[in-house]
Amino acid sequence: MVSPLCDSQLLYHRPSISPTASQFVIADGIILRQNRLLSSSSFWGTKFGNTVKLGVSGCSSCSRKRSTSVNASLGGLLSGIFKGSDNGESTRQQYASIVASVNRLETEISALSDSELRERTDALKQRAQKGESMDSLLPEAFAVVREASKRVLGLRPFDVQLIGGMVLHKGEIAEMRTGEGKTLVAILPAYLNALSGKGVHVVTVNDYLARRDCEWVGQVPRFLGLKVGLIQQNMTPEQRKENYLCDITYVTNSELGFDYLRDNLATSVEELVLRDFNYCVIDEVDSILIDEARTPLIISGPAEKPSDQYYKAAKIASAFERDIHYTVDEKQKTVLLTEQGYEDAEEILDVKDLYDPREQWASYVLNAIKAKELFLRDVNYIIRAKEVLIVDEFTGRVMQGRRWSDGLHQAVEAKEGLPIQNESITLASISYQNFFLQFPKLCGMTGTASTESAEFESIYKLKVTIVPTNKPMIRKDESDVVFKAVNGKWRAVVVEISRMHKTGRAVLVGTTSVEQSDELSQLLREAGITHEVLNAKPENVEREAEIVAQSGRLGAVTIATNMAGRGTDIILGGNAEFMARLKLREILMPRVVKPTDGVFVSVKKAPPKRTWKVNEKLFPCKLSNEKAKLAEEAVQSAVEAWGQKSLTELEAEERLSYSCEKGPVQDEVIGKLRTAFLAIAKEYKGYTDEERKKVVEAGGLHVVGTERHESRRIDNQLRGRSGRQGDPGSSRFFLSLEDNIFRIFGGDRIQGMMRAFRVEDLPIESKMLTKALDEAQRKVENYFFDIRKQLFEFDEVLNSQRDRVYTERRRALVSDSLEPLIIEYAELTMDDILEANIGPDTPKESWDFEKLIAKVQQYCYLLNDLTPDLLKSEGSSYEGLQDYLRARGRDAYLQKREIVEKQSPGLMKDAERFLILSNIDRLWKEHLQALKFVQQAVGLRGYAQRDPLIEYKLEGYNLFLEMMAQIRRNVIYSIYQFQPVRVKKDEEKKSQNGKPSKQVDNASEKPKQVGVTDEPSSIASA
């Protein structure tokens, strides 16, 4: 990182460059040198007039002909591309007639009383149950929701928001700009589709947004008589089940996915929490279906204890040198040992072969090198309380509870000298792609989807529709500024921030990592620029909402890692209502929340003391005595009514939310809090409105990007924070040829340019450079799209198997009688034994009945009456013998069932269910491990001109058939061998009770699983 500039440099000069310095400029491959006096306005104005753009022979007329492409150079191609020709007008025309139908109903609906409005919900439900299509109900349903929103929230959805709702109802992706009210749009189709009674899931990216949306816009469907549920991380299964049964349920993508996997690991019907899927609305759909698509959802169980090998490997990795002992491929995120690396590692470890399967040193050493080179602290992860926490590269948030697999997380822990946690083994997994494709009707909304429309259509069959904005978007996206080295880039970023800050404009600076945001923060501190930092560090995460709420204030400077899913709009002048809520929250929460409540769950240490204190600088003014007294009285009445420190944080937040919204209030305490909130908000608004005028006059919010992301879409998300709802604004990206994206994916062209330029801190402008940078970003997009597509194709193989296994498991879990399933297992197992020991093509005279009988009786001792003569008489043909053995297998099961039921009525049913579920879970877990190894192995077969995917399908299918057969065999064998044992309670318990103990069946809790570990190794006799 470069040294910061002194104040005079910031004010008067380009970073470290004299106004008369020579420039080296590249134009279409030609390096030019020019000496010309530069004015600071031309450098930092709307275009860099000093750089040279050449046409043919420098002809001005030729240059004008090419000006469209050349003027967009400096990498500023983004703004040209993404303003796009489609501004949503075609969508407006497409839905104009339906919007008109909704508007015609407005007068009629607005004349209804509250109770009459609720009755419309019942009438619409009845029409839906009679089979009337949702499309025919849409105009009235949307009109009802619009009116309810006016009454409850004080917000009337615009026509463009109705269009957004119609797009979502149609099962498409609605691209809506930031600030256009996506949260409100979601309740329109959610209400309509909930009328069927089958449930609707509204999916958001984090718990905070799910709770906010449920508490805020969820009031509208609640007002109309629908039940609205919310799923949060720490809820019990009972709470989850209750909330999933609501008409509309707000939930995060990870909670929903993990609940699905947990349901498929449940051992009783009571543990199931989900209902059948019906309709799903995904907020920030690109974040969930594209950014998160590379990371499958995994539920894992503990494996063996961690090994000391991790620490030894970490020491070796730290001693080894790059390009001497190992090479790194940053694009593929892989490392390889060189010949010297192999030899030195084997010598240090005193082993003959690094790849000896008994020691597996190679995987430990390679993971340690990956941890050293590719997984960087404050970029890929942070450390909190001696734990390595992964940072989401797309949102900048900590991914609580997530761990890297295959020993990589342990390698990072060893690198940092932290305690190594247990390794894990996969119990259940699914990709977001295949999970959400289970919904019969799926839709989503985001501010940036059109650039990924091909992926949405090819994988999810979802069309992207651009919804028009309510007011024209007037944000100005400036051309990018490109430097050779990062030093020049960071100097220019500081100058840009300083210049904008002095005009009073609000500035939002986007960085790609925690490390970058901290380094830039240090530069700004040394330059004397007051600012806020929003990244994954815990001290910043806790203040996220308040930081974003003040990001639009006069002269505010905010540094933030990726802004996707932040959920709080940046309002110019500051968000008065949000500030008022924070002030009321600051007073209320410490007095009503239980001191032990919180999300911290640890047996090692007590939870940290919770505080709701807000930095006083956040508020636009000190609260007047009158308003402070009003707030104190309202809080005191709440304490008296609810009790001193008697609520959970979630309950208190919910009541505070009701107090700060515009819906009807019956509760006296909520009414007092509402009055206090409105009074505080009004006082703050007087100041924020004045600030807003000044910020707008100065030019609005200015967004500074410091690096291109792996997708143009994420760049657009950052730009989209400015210019909301017709506000003025601007954006500009500052790039360096040393940025990761260009260094890793740029190829020879960009490397050549880096060698050609000798000045680090002059901006470069060239059509060729722009093309090269844009091509590098396109390469990244295509590369990661290919990864997601490959993951999807491979997971589809697993998905069909997963569906079959989970269907079989659910059948065993919910069936009242498992007899038909067990009979099916018995018959198929007899078929397997017969085929393995005789076979349909074996001549009759070669049939070995002794061998067959031995194997049958090994499985079922109840068939000890079988003799070769009996089989000869019963089975004159292979088919006849098959039918006879099937019948005997079936009869043996029924006989065993009768024996057990006589001993303990109802026990057999519990035993059967337990045996089926435990065998499915155990063998499915082993199957997942086997498929993982197969997937790794087939990758190398491409060198032999064999398609890895086809190889994976074939091998995976064979493994799956064998697993399903093994489940059947294990279950029926265990049932045939099952012997209930009556056991006594502990003598200690007897002495405590002072009474003799009763005899109880060992299966009153879980039946003993006899034979699962000692079943015959095969169905064929030796």
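Positions of Cβ are set from backbone N, Cα and C atoms, glycine also.
Listed in Swiss-Prot for this protein:
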type     : residues                                                       : note
TRANSIT  : 1-72                                                           : transit peptide
MOD_RES  : Ser73                                                          : N-acetylserine
BINDING  : Met176, Arg177, Thr178, Gly179, Glu180, Gly181, Lys182, Thr183 : ATP binding site
REGION   : 985-1022                                                       : region 'Disordered'
COMPBIAS : 993-1002                                                       : compositional bias 'Polar residues'
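In sequence order, Val185, Gly447, Arg724 are the same-chain residues whose CB sits within 8 A of the CB centroid of Met176, Arg177, Thr178, Gly179, Glu180, Gly181, Lys182, Thr183, the residues recorded for ATP being left out. Minimal Cβ crowding within 10 Å, among the binding-site residues Thr178, Thr183, is found at Thr183.
Non-local contacts of Arg177 (ATP binding site) by the CB criterion (under 8 A, 6+ apart in sequence, same chain) comprise Gly447, Thr469, Met473, Gly720, Arg724. Just so you know, the Cβ of Glu180 (ATP binding site) picks up 25 other Cβ atoms within 10 Å once every protein chain is counted.
Of all Cβ atoms in the protein chains displayed, 19 besides its own lie within 10 Å of the Cβ of Gly181 (ATP binding site). Sequence-distant neighbours of Gly179 (ATP binding site): residues of the same chain at least 6 apart with a C-beta under 8 Å from its C-beta are Asp569, Arg724, Gln725, Asp727.
Counting every protein chain shown, the number of other Cβ atoms lying within 10 Å of the Cβ of Met176 (ATP binding site) is 27.
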